[in-house]
Amino acid sequence: MKRMVGGGRAVLWGLQVVVGLVAVGFYGGSAVDFFFFTLSAALMLDIGIFKSRAYGTGVLALFVWLGIWLKITCHFIVGYPYIEPLGKFKFLPAEFSELLHVSSIGMMGFAVAFLVASRFYVAMRENTVRPRAKPWLPSALKWAWLLSLLAMLGLGVVNASLNILRVGLPPDVVLPYPGNALVSWLMSTGFALGVATLMYLSVLSRSNVKLGVVIVILEGFIVGVSILSRASYVFHLLPVGLVLMYMHFSGRRLFGHRVALAFVALAAVGTFVTATAVNLQRDYVYTSRPEIAQGSVGSVGSVGGFGDGGGGGNPAANAIIAEMKSRGFLLKAAVTFSQLAVDRWLGAEGVMTAVAYSDKSLKTFGRLMMEQRQLDTISEYQSISAAHYKDMDPKRYQFATLPGPIGFFYLSGTVWIVFAGCFLLGLTVLAAERLAGWITENPFIMAFMGVYVANLVAQFGLTPRQNVIPLAMNFAALVLLAALQALVSNGGVVARWRDRLAKQRTVLPT
């Protein structure tokens with residue numbers, strides 16, 4: 001494991017050095033600015049992945065690195081336009097210098113938060129299945145897995161048919177309260193938390209683990225197709241995959257290398273099938289409508305730390321990119337690779353928009369922070385960024401371009417708010433993951449909540465105060481799941497309270 005970590009760090013720093021040296025030649029500005037920009041990104045990624053010892057901080061570091069450093073660097077090298085709206089950014093040398101400065105400060109805020117996180121690591125205790133549950137738990141888990149799959153299929157069909165939660169579209173049906181909220185929560189996070197609980201119990205009892213992995217992959221596919229989100233497939237699989245990978249390489253293997261590779265191949269096939277199915281549906285639902293087709297579909301601000309769309313919210317860029325692809329195979333390959341690997345991640349365009357925005361102030365920042373999402377309104381940031389989504393009918397379509405955390409905080413006009421905001425958001429990811437671990441002592445739920453909150457942070461900036469509601473719903477659900485776990489294991493806060501009370505009863509005088 002240590003050799004793998006050492007090799008990973010060497011590859012990371014080597015990539016930063018090689019790509020950074022190539023990019024600085026195309027940049028044409030201050031090499032010192034680009035050096036500190038690259039150093040900030042490398043430190044953030046290194047500390048977040050290899051030092052913080054938390055799933056969420058590592059994922060957040062990767063998201064920000066992809067959306068800021070790698071995106072800006074690739075655009076310097078390849079030289080094609082950004083596909084998301086940039087507001088009034090004019091690509092002037094002074095604007096590029098400010099872009100690098102602000103991005104460096106934001107990434108250092110995350111890096112310091114991840115460094116603090118590395119000092120507050122608390123290992124979870126090893127839990128066991130309760131003796132009374134051992135005889136019947138394996139059979140019960142098999143039925144629980146199969147029934148959960150049927151529930152996912154059923155609700156997935158209902159959601160798609162009634163258009164309750166579908167990316168970019170308002171609901172067609174309003175169920176009796178709180179029907180829409182419950183369906184949306186189950187499709188976005190509820191089912192994922194449920195399969196994380198079943199996965200934990202399967203690992204504890206050493207039963208139905210392979211069946212569980214298959215159903216986890218199917219859950220991601222069902223949810224992704226039902227809500228029209230390719231990103232949700234990745235984010236529902238990622239936490240389970242991270243935990244299983246950690247167990248596999250730390251000596252606690254649940255199955256051999258061949259089985260592990262087979263599951264990786266199955267997940268890869270699932271990625272392709274999910275993306276194809278979602279794309280086919282989107283071709284029918286989206287591109288046949290002129291309001292969307294004029295600029296294709298960009299970031300939609302509902303699922304995924306990257307834009308879960310297609311061509312982006314900058315229609316003028318599409319024609320330029322198409323012309324560049326016609327110049328030759330190498331340029332076409334470079335642009336296509338950069339689009340697929342880089343452009344879907346959020347961050348750089350939001351900072352550019354903030355740099356060029358003339359009304360940066362604490363008043364603007366406060367107004368955006370308190371903004372409320374409604375079905376019949378367009379968020380203010382769409383006007384700030386000059387996104388074509390601002391001209392769509394919000395009662396028919398719900399698309400948006402997102403600023404990302406660094407760009408959002410810089411709309412205050414103060415770099416100290418950028419640093420402090422990124423620092424606090426980094427700690428929030430750690431706190432959410434640790435709290436989930438304290439409540440459930442379930443590594444799969446810990447990983448899911450860490451990745452989930454990291455995703456919220458990566459998308460930060462679109463009516464941010466309303467992120468509190470789904471977070472509260474998730475943590476309320478964790479208490480219920482901890483109570484469920486306590487029935488068959490000694491893991492979680494409910495089980496700890498039960499065992500503590502039982503111990504107190506045994507020492508009372510008779």
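Any Cβ shown, glycine's included, is placed from N, Cα and C.
Curation plays no part in TrEMBL annotations; they are all automatic predictions.
Since the structure is predicted, the reported quantities are computational estimates derived from the model, not experimental observations.
Annotated in TrEMBL:
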type	residues	note
TRANSMEM	12-28	transmembrane segment
TRANSMEM	62-83	transmembrane segment
TRANSMEM	103-122	transmembrane segment
TRANSMEM	143-162	transmembrane segment
TRANSMEM	182-201	transmembrane segment
TRANSMEM	208-227	transmembrane segment
TRANSMEM	233-249	transmembrane segment
TRANSMEM	261-280	transmembrane segment
TRANSMEM	408-432	transmembrane segment
TRANSMEM	444-462	transmembrane segment
TRANSMEM	468-495	transmembrane segment
(request) May I ask for the residues of the chain that lie six or more residues beyond the transmembrane segment (233-249) and have a Cβ under 8 Å from a Cβ within it? (result) 1, 4, 55, 59, 191-192, 195-196, 199, 203, 213, 216-217, 219-221, 223-224, 260, 267, 270-271, 274-275, 303-305, 443-444, 447-448, 450-452, 455
(message) With Cβ-Cβ distances below 8 Å as the criterion, list the same-chain residues six or more beyond the ends of the transmembrane segment (12-28) that contact it, or say none.
(response) 34-35, 38, 41-42, 45-46, 49, 70, 73-74, 76-77, 79, 93, 96
(request) Establish whether the number of Cβ pairs under 8 Å between the transmembrane segment (468-495) and the transmembrane segment (182-201) reaches at least three, counting only pairs separated by 6 or more residues. (result) yes
(request) Report, as numbers and ranges, which residues of the same chain sit near the transmembrane segment (208-227): CB under 8 Å and 6 or more residues beyond its ends. (result) 138, 141-142, 145, 148-149, 152-153, 155-157, 159-160, 165-167, 187-188, 191-192, 195, 198-199, 202, 233-234, 236-237, 240, 244, 254-255, 259, 263, 266-267, 270, 273-274, 277-278, 281, 303
(request) Return the stretch with the most CB pairs under 8 A relative to the transmembrane segment (408-432), choosing among 62-83, 103-122, 261-280. (result) 103-122
(request) Give residue numbers and ranges for long-range contacts of the transmembrane segment (103-122): same chain, 6 or more residues beyond its ends, CB-CB under 8 A. (result) 36-37, 39-41, 43-44, 47-48, 51-54, 57, 60-61, 64-65, 68-69, 72, 348, 351, 405-406, 409-410, 415, 418-427, 430, 434, 437
